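Per TrEMBL, the features are as follows:
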- Cys218, Cys225, Cys228, Cys234: [4Fe-4S] cluster binding site (BINDING)
- 69-216: domain 'HhH-GPD' (DOMAIN)
- 1-30: region 'Disordered' (REGION)
Amino acid sequence: MEKPCVAGGRKAKARLTPATKEKRTGSTSSLLSAEEIGELFSRFAAAMPDPRTELDYVNPFTLLVAVVLSAQATDAGVNKATKALFAMADTPEKMLALGEDKVRDAIKTIGLFNTKARNVVALSKALVETYGGVVPKDRDALESLPGVGRKSANVVLNVAFGEPTIAVDTHIFRVANRTGLAPGKTPLAVELGLERVVPARFALNAHHWLILHGRYVCKARKPECWRCLIADLCRFEPKTPSPATSGGASVN
């Protein structure tokens with residue numbers, strides 16, 4: 001809570017503006033020019049004109065559940081578990097009726113399954129009791145649900161409702177920092193930086209392009225720079241050479 005300004009006392013805390021928030025969260029300016037950023041996303045758009053999430057879902061509710069289950073788990077692992085789960089329960093009402101024990105049994109191949117089962121049932125109850133069984137289209141409302149943080153809320157807003165949000169996971173965080181597109185010390189800093197620099201015409205799909213690029217090309221331990229379609233724009237050095245390159249010469 002902000003303290004009032006009193007005579008002889010300390011000044012009241014200033015309300016954080018977006019720019020101030022960026023500074024305090026560690027966001028810095030892009031190392032790429034506007035022209036380079038436009039070219040970067042143009043290449044992604046040409047290579048992946050219709051990018052999609054790799055999580056299986058049938059409606060906003062099942063997407064929300066899949067996203068909650070995906071924390072510290074692979075999309076493939078989540079899809080394997082949710083195939084049976086969603087066959088039994090694809091609405092908040094059905095999930096609530098299914099109960100925590102059966103949800104736990106269905107997702108026991110996923111890490112943290114005890115906590116996740118509890119959260120899935122709890123968020124289903126909240127949706128039924130507070131939102132009439134409908135997944136809200138508001139970030140604050142989504143974040144009020146058990147097991148749902150800002151990243152998860154952004155995924156749902158983007159994928160289910162077509163909002164130009166960017167959910168900064170480990171892949172997007174890595175790509176944004178390595179390339180110089182939106183350097184930041186925290187996921188929030190990177191998110192704010194990306195919101196500032198991504199051209200509006202690319203905003204809807206930016207989340208998918210960046211996460212897929214990080215997952216399959218700009219990998220954590222050894223980025224595959226030799227087959228990267230934005231290698232000449234990327235600020236990461238030295239570039240990883242192709243396994244077939246003799247003498248270990250770097251990619252220019």
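Each position is counted from 1, following the chain as shown.
From the backbone N, Cα and C atoms, a Cβ is placed for every residue, glycine too.
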| task | Write out how many residues of the domain 'HhH-GPD' (69-216) are helix, how many strand and how many coil, based on DSSP. | result | 101 helix, 1 strand, 46 coil
| query | Which residues does Cys228 ([4Fe-4S] cluster binding site) neighbour through Cβ under 8 Å, counting only same-chain ones at least six apart? | reply | His213, Val217, Cys218, Cys234
| task | Compute the mean position of the Cβ atoms of Cys218, Cys225, Cys228, Cys234, which form the recorded [4Fe-4S] cluster site, and then list in sequence order the other residues of that chain whose Cβ is within 8 Å of it. | result | Arg178, Thr179, Val217, Pro223, Glu224, Ile230, Ala231, Phe236, Lys239, Thr240
